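I have a structure I would like to understand better, so I am pasting it below and will then ask my questions one at a time.
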Amino acid sequence: MGIVDYLVAAVSFRTLPTTFVAVLVYLAIFISVLITDELPATPKDQRGLNLTQAYSDLRQIAARPHPYNSHANDVVHDFILTRLQDATAGYDYAHVFDDKVSNGSWSSRNNSVYFEGTNILVKVDGHDADKSGALFSAHYDSVSTAPGATDDGMGVATLLQLVEYYVKHRPQRTAVFNINNGEEDWLNGAHAFLEHPWSNLTDTFLNLEGASSGGRPLLFRATATAPVRAFREKYVTHPHGNVLSSDAFARGVVRSGTDYSVYVDGRGMDGADLAFYKGRSRYHTRYDAVQYTDGGVRSLWAMMEAAQGVSGALLSSEAVHGDKGGAPVYFDLFGQALIVFPLSAMITFNIVFLVVGPIMLALLVTFDIVARHRRQEMIGGGYEEQGFFARAWTSFKSFRWVGGFWKHAKFWVALAVTVGLQVLLCVGYLYINPLIAYSSSHIVLLSFLSLAYLSTYLVHNIPSPTDTYGSHLPEQQKQAALFQLYFFTWILLLAATVVGAKLSVGSFYILSLWNAVLFAACAIGSIAGLLSSHTVEGDASYGSRRRIRGVRYDREGEEEGVESETAPTEVTPLIAQPITVVAPGGKEGEEVSGAIGWWFVQFVLSVPAVVILVSQLALLMLAATEQTLADGSPAVTVYGGASLMSVLAILPLAPFACKLHRRVAYVALVVLIASTAYAWLVFPFSERAPLKVFFQQQVDLDANITETRITGHPAYLRQAIAALPSAGGAPLNCTADDAKAGLQTCGWTPPPALEPSVIALDFNVSRSEGQNQARFEIAETDTRACRVYFDQAVTRFQVHGGTEGVQKGFEIPEEGVRELRLWSRTWDRTWVVDVDREGSALTGRVACEWSEYASGSLGVETRTRIPAYEEVLTFLPSWAVASKFADGLVEGYKAFAV
């Protein structure tokens, strides 16, 4: 075998070259995706920003928990205000406003709110004041159980840097900064901002959020294509975003809310959410602190870098203003580029390929068939053969049709087997260890990937027992599988186009690309067939020698590898035809190979691009959903998603599976066994990924009864509670929780030493004669948050001394509400509230909330103590961590009837 033969073998569709290319491509993609999913290093050139100062600001902001209803919140407010006043001093076009005048009322489906804001606003006048400006928003309050390093200390520290930057580099358009308070108590600070005149100066916004514990910030969602363009690599060095998260919000899959919804629904602004999303197990817990943040200072820089780039575009580029561009489709590539286009463009692209693609391929296949037939006639020399029906009957009796049928059916059989096995593996996870994805999602994904590869490889390598006529030659198998895969994606693309057009879903962009590249691969295969020299029995590249028909039908009985001549007949050529029936390469026992070079072009077209997009989407989806299980999200969503991504990552390899080395399958089998065994046997939680449970104490002030309640996943809740001394021996009352679907709440009576201090509530309720109206007078003690629960719906309310009416776009629903929340910017407030009701009777509860505790208030003077929560912090197992159940860690209440 000479050098030329070796070179030919190296580029032929053979086992070793195909396996080498496939393994190399998949490894390169997986490694690249994993590496680029990590935070990049901080650059030396910080482009006018000061990372050191920002990190120092973050440590001040996130020194301790500082919810709206805490004295620590006032400390953070004063720190931020001082920083901004110092940063803007001496610049007459920069204005700071400590907004302690904006009050408002608004409603949602279940409750109404009256809120008194303490936002800190900054306005930097642009050179072109006549043009609409841009709003930049973050909230400085945290939840009561977390210092708020990522939620939302990093966002606030970033805005402080942007203010300093734009004060020194005056923008073209006006920049408005809303560093708001009360977001954690359901977006109250953003609502208060809408009451301020500066909210009318902007037509677009960027909201900075943190729904996790760091990592790379993600373009969570966007209103239209225009604001997404501000995230392109032209402005943002390391863009990161995917339309999947936006679609998840729009469909209600993500059960969360940000100020984004207030700006969109209340003012109709265009804009985007930029938020952290990894490590949700530490979100809203004591681990949302500076020292526990994923990536630390690099995470902070990632948000600063992205926010600076986006803000620069929003304040200068006309492309992100004016024409909205409709619903967007966007995704990043390795954190280096952001691909963005309107959903309408994708729908048009899909329709074109749905119509043109099949027609073009049908024409190419027809031309190929006609060309083959003409060659057969030329080779046959015009001699008569058996008729069509006679040949068909002969083929049927000899079961030759089975081989052809199996060649086209094996893709669908492999797909069915793969889906079936994936379902079984999902069921195994759900029954054996349903929460293992919480801490080991990459192991779970590895098991699904290895199973998908095994099932695809094994089925595609099952031979047909009647395949003695070359119907399973590798080139033909590949081309048949490519066409089956194209048809499969065509069906998916048709469904995706209908759904995408009706529901404005852009996450199907992978199907658009997949169908297009498969069209190209199938077309190249057909064109290669037209250009190649074919024989009656197969492609000349498979090593067959041409025969005239009379000789061909005299071959029966020849053994493979035996060189012979046919007996002479009246149609035998004058020159003898020596024939060796061997595999390509000319030696007995060598494997059958395909055409030189074309398979590689088809592989490069149909595999890498799809696998890249699927791999990135898989990591994003797992990172965003794996730890939502503690919030009550169904586990089938996580495992079903991992399974789907695995199948989509392996399916592009199906046409080439017949030429993959069996040793890769051995490796996949070992990986499957090891990863599945690990995932089914290991405890699902750790100190790195702790199970989140939710704490609240409720105090019945009428009966003087206190109950400690902890809510969590029912499979592990009792095990976590058993570690608490106060729960030892106490009867537990455990019920399904209505507020957090899928979770369970267990309550018990704590000893007197663990009852909260300074829990006092005085109120009076009276009825107006002749009217269906009641007046509540509520006196707070060491709190600024109270609420009223109604057993009967109320249709109107008015807080004395507050603003009249309800915010536009957030009116009380026609059926009324059954809860009224009252938030005061001052302490120990006495509320006077009038409410209208439908019927004559009105009953319910008046309650106040407390959120401060000793260890969370170090350095801040407060009288409130919650020893039961201190017990939870001290004795909860290391694999569990506590978060707040509601706005208040303690709720004290009294009943009323009028």
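Yeah, the Cβs are placed from backbone N, Cα and C, and that goes for glycine too.
The model shown is predicted, which means the values in this text are computed figures rather than measured ones.
The active site, proton acceptor annotation in Swiss-Prot covers E183 and rests on similarity to another entry. Under the heading Zn(2+) 2 binding site, Swiss-Prot lists D151, E184, H284, citing similarity to another entry as support. Swiss-Prot lists N50, N103, N110, N200, N704, N733, N764 with the feature N-linked glycosylation site. For 1-14, 366-411, 455-479, 531-593, 657-664, the entry in Swiss-Prot reads topological domain 'Cytoplasmic'. What Swiss-Prot lists as topological domain 'Vacuolar' is 36-342, 501-509, 615-635, 686-898, and the listing cites similarity to another entry. Residues or ranges marked as transmembrane segment by Swiss-Prot on the basis of sequence analysis: 15-35, 343-365, 412-432, 434-454, 480-500, 510-530, 594-614, 636-656, 665-685.
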Quick one: which residues besides D151, E184, H284 have a Cβ within 8 Å of the Zn(2+) 2 site's Cβ centroid, in sequence order?
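Nearby residues not in the site list: S142, V143, A146, G148, D152, G210, Y283, D288.
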List the Cα distance (Å, whole number) between N704 (N-linked glycosylation site) and E184 (Zn(2+) 2 binding site).
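Counting only the Cα atoms, the answer is 30 Å.
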Compute the C-alpha separation of N103 (N-linked glycosylation site) from N733 (N-linked glycosylation site), stating it in Å without decimals.
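N733 (N-linked glycosylation site) has its Cα 41 Å from the Cα of N103 (N-linked glycosylation site).
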Would you kindly give the Cα-Cα distance separating H284 (Zn(2+) 2 binding site) and N733 (N-linked glycosylation site), rounded to the nearest Å?
26
How about the transmembrane segment (480-500) with the transmembrane segment (636-656) - do they touch, taking at least 3 C-beta pairs under 8 Å (6 or more apart in sequence) as contact?
yes
Can you tell which of the recorded positions N110, E183, N200, N764 lies nearest to H284 (Zn(2+) 2 binding site) in space, using Cα positions?
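Given the candidates N110, E183, N200, N764, the nearest one is E183.
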Need one number: mean pLDDT over the topological domain 'Vacuolar' (501-509).
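PLDDT averaged over the stretch: 94.
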Can you work out which residues elsewhere in the same chain, 6+ from the ends of the transmembrane segment (636-656), have a Cβ less than 8 Å from its Cβ atoms?
18, 22, 26, 253, 411, 414-415, 418-419, 422-423, 425-426, 429-430, 437, 441, 444-445, 448-449, 451-453, 456, 460, 477-479, 481-482, 485, 510, 514, 521, 599, 602-603, 606-607, 610-611, 614-615, 617-618, 621-622, 625-626, 628-629
Residues of the same chain, at least six outside the transmembrane segment (15-35), with any C-beta under 8 angstroms of its C-beta?
9, 334, 591, 599-600, 603, 607-608, 611-612, 615-616, 619, 653, 656, 659-661, 664
N764 (N-linked glycosylation site) to N110 (N-linked glycosylation site): how many Å between their Cα atoms?
24
Would you call the transmembrane segment (412-432) and the transmembrane segment (343-365) in contact, using three or more Cβ pairs under 8 Å, pairs 6 or more apart in sequence?
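As far as Cβ distances go (cut-off 8 Å, pairs 6 or more apart), the transmembrane segment (412-432) and the transmembrane segment (343-365) do not touch.
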Just to verify: the residue among N103, N733 with the fewest other Cβ atoms within 10 Å, which of the glycosylation sites is it?
N733
